[in-house]
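Quick notes on the structure that follows.
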Amino acid sequence: DEILRSLAGPPSPPGQDPHGWRVPVDCVRANELCAAEPSCSSRYRTLRQCLAGRDRNTMLANKECQTALEVLQESPLYDCRCKRGMKKELQCLQIYWSIHLGLTEGEEFYEASPYEPVTSRLSDIFRLASIFSGMDPATNSKSNHCLDAAKACNLNDNCKRLRSGYISTCSKEISATEHCSRRKCHKALRQFFDRVPSEYTYRLLFCSCKDQACAERRRQTIVPSCSYEDKEKPNCLDLRNTCRTDHLCRSRLADFHTNCQASFQSLTSCPGDNYQACLGSYAVLIGFDMTPNYVDASTTSITISPWCSCKGSGNLEEECEKFLRDFTENPCLRNAIQAFGNGTDVNLSPKNPSPPVTLQPKTEKSPALPDDINDSNTMYDTSVITTCTSVQEHGSKLNKSKEQSLCYSETQLTTDIMPDQKTFVDQKAGGSRHWAGRILPVVPILLLKLVL
Amino acid sequence: SRRKRARARHKPCALKELEVSVSELGLGYESDETVLFRYCSGTCEAAVRSYDLSLKSMRSRRKIKKEKVRARPCCRPLAYDDDVSFLDAYNRYYTVNELSAKECGCV
């Protein structure tokens, strides 16, 4: 916690940056900046030696290591971030974790994401969905959206090539004993989700279904027999530890926790009401040890889980269940998936607005305890959003009704509670202070300039 | 004029494409998935080589009698497209190679 507080605390002395303003740089660039400065580069080298093969406590017991860490907190390396799919992503993440592993406990439940926050919004995703509906004239209740998604992919050369790439790799039998090469399958899946635009990949992953054939197709998207299922189901905390030994997996998991964390302050249950960010973090978890998938071909309830269980958790059962629930019973993730799947319905909703009853469960649940994520009514949330979006867009055309005012007030409430949607650091760290920290360094420089 | 119309339909050899369901391919797969089938079509009149003329001459002089020969260039794929994968009606994945043409030519 001390470290987290220092994270939000006063920043470096202004002399370090010639502009006095710390523009967030990626860690590869920050590393270059550090290498150009003898004091920074020697401390960084020291820290890396400190971290190599030692746990955090042993490291911090060493005075030299501690000093190195303190000095580096004031270098551009400290608040650098990485971009998804950037060149040298792995190198960037290695640099990020080399500092942050020293800063955090290492055993924390949630870790801050090393990735830059996603800025595209909910509206973008719905716009995307409406493009799809325009593409397929046969978008009626009978159509299979997952089949349409496969068609759209097959008709695009890039999507077809990379889809076929992972499908053939993941369904290739190696020998009588080895069903497939999981390692190669995961790699091909990562390539697919990294290199194919999300308008194709999300559509395959999050298509909405009305029958079982469709839902089974959706479940089969990632070739689960190779990429997901295994002979044994490991314990979820063990799986998390395995994931955390890999910089990429660790980063993607931290990103998932940052963007899909169920929030009880927002209407959509998602941080900053940003569905796009949650779906994106979900998609890039595929192809790692923590690969999530639909657990069955149910059309009514969506249940997502990594391939693990909480059996054999011992005294960590509670922590394990909590970890697993972020996948299986996460209203943010579920709403995001359903909103994307039903995105096409947004334009139609003014004709048949949802009955006001759907608002009731949400209104009652708003002040719920953070532990209460056992929410089976989350299906309603999508319709709430739909109603709100449509009411806001077409509000003038509709008669003033009870639902409308209710909806407005809730939207207002949401924006009031979460004014700072740009905060991506753990909420506990105090987002506003973090912001202050970024703005403050300008002041001394300005004063200095005035004096001169 | 009828001859002219017939000619207009015979465009030079080129790549064309069709959206078809996997079942329609006739390869024995049962799947509603749609794939892009690219094929070569058109005439090769402009690509007649000395080889073809000479071969025709040999045939008419009955120097070639029993063998099957082709004295006209043919519009065929020069290269094939990448593999295509799909999920069938029984939830099994299949990958088909050389399904679709990538480049056409008179050979």
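Glycine is no exception: its Cβ is also placed from the backbone N, Cα and C atoms.
As annotated by TrEMBL, region 'Disordered' applies to A:1-21 (among others).
Secondary structure counts, DSSP: the domain 'GDNF/GAS1' (A:27-104) has 54 helix, 2 strand, 22 coil. According to TrEMBL, the domain 'GDNF/GAS1' annotation covers A:27-104 (among others).
Per TrEMBL, the feature disulfide bond maps to A:CYS34-A:CYS40 (among others). Remark: A:CYS34 (disulfide bond) has A:CYS40, A:SER41, A:TYR44, A:LEU72, A:SER75, A:PRO76, A:LEU77 as non-local neighbours, by Cβ distance under 8 Å and separation of at least 6 in sequence.
Per DSSP, the domain 'GDNF/GAS1' (A:146-226) is made up of 57 helix, 0 strand, 24 coil. Taken from TrEMBL, the feature domain 'GDNF/GAS1' covers A:146-226 (among others).
The Cβ neighbour count for A:CYS146 (disulfide bond), using a 10 Å radius and every protein chain shown, is 26. The feature disulfide bond is assigned by TrEMBL to A:CYS146-A:CYS207 (among others).
For A:CYS159 (disulfide bond), the same-chain residues 6+ apart in sequence whose C-beta sits under 8 angstroms from its C-beta are A:ALA152, A:CYS153, A:VAL196, A:PRO197, A:TYR200, A:THR201. As annotated by TrEMBL, disulfide bond applies to A:CYS153-A:CYS159 (among others).
For A:CYS185 (disulfide bond), the Cβ neighbour count at a 10 Å cut-off comes to 25, with all displayed protein chains included. Annotated disulfide bond per TrEMBL: A:CYS170-A:CYS185 (among others), in sequence order.
The annotation disulfide bond is assigned in TrEMBL to A:CYS180-A:CYS226 (among others). On its own chain, A:CYS226 (disulfide bond) has A:CYS170, A:SER171, A:HIS179, A:CYS180, A:SER181, A:ARG182, A:CYS185 as residues at least 6 apart in sequence with a Cβ closer than 8 Å to its own Cβ.
A:CYS209 (disulfide bond) has a Cβ environment of 22 other Cβ atoms inside 10 Å. TrEMBL lists A:CYS209-A:CYS214 (among others) with the feature disulfide bond.
Marked as domain 'GDNF/GAS1' by TrEMBL: A:236-332 (among others).
Residues or ranges marked as disulfide bond in TrEMBL: A:CYS236-A:CYS308 (among others). Cβ neighbour count for A:CYS236 (disulfide bond): 25 (other Cβ atoms within 10 Å of its Cβ, all protein chains included). In the three-state DSSP assignment, the secondary structure recorded for A:CYS236 (disulfide bond) is helix.
Under the heading disulfide bond, TrEMBL lists A:CYS243-A:CYS249 (among others). For A:CYS249 (disulfide bond), the same-chain residues lying six or more positions away in sequence with a CB closer than 8 A to its CB are A:THR242, A:CYS243, A:PHE288, A:ASP289, A:MET290.
A helical conformation is recorded for A:CYS260 (disulfide bond) in the three-state DSSP classification. Within 10 Å of the C-beta of A:CYS260 (disulfide bond) there are 29 other C-beta atoms, taking all protein chains into account. Sequence annotations record features per position, and here TrEMBL assigns disulfide bond to A:CYS260-A:CYS278 (among others).
Taking Cβ-Cβ distances under 8 Å and a sequence gap of 6 or more within the same chain, the neighbours of A:CYS332 (disulfide bond) are A:CYS260, A:GLN261, A:ALA262, A:SER263, A:THR268, A:SER269, A:CYS270, A:PRO271, A:CYS278. Annotated disulfide bond per TrEMBL: A:CYS270-A:CYS332 (among others), in sequence order.
What TrEMBL records for A:CYS310-A:CYS320 (among others) is disulfide bond. Less than 8 angstroms from the CB of A:CYS310 (disulfide bond) sit A:ASN235, A:CYS236, A:GLU317, A:CYS320, A:GLU321, A:LEU324, each of them six or more residues away in the same chain. In the three-state DSSP scheme, A:CYS310 (disulfide bond) is classed as coil.
What TrEMBL lists as N-linked glycosylation site is A:ASN342 (among others). Other Cβ atoms within 10 Å of the Cβ of A:ASN342 (N-linked glycosylation site) number 18 in total over all chains. Reduced to three states, the DSSP call for A:ASN342 (N-linked glycosylation site) is coil.
Predicted-model confidence for the domain 'GDNF/GAS1' (A:27-104) is 83, expressed as mean pLDDT.
For A:CYS278 (disulfide bond), the number of other Cβ atoms no farther than 10 Å from its own Cβ, over all displayed protein chains, is 28. Within the same chain, residues at least 6 positions away in sequence whose Cβ sits under 8 Å from that of A:CYS214 (disulfide bond) are A:ASN144, A:HIS145, A:CYS146, A:LEU147, A:CYS207, A:THR299.
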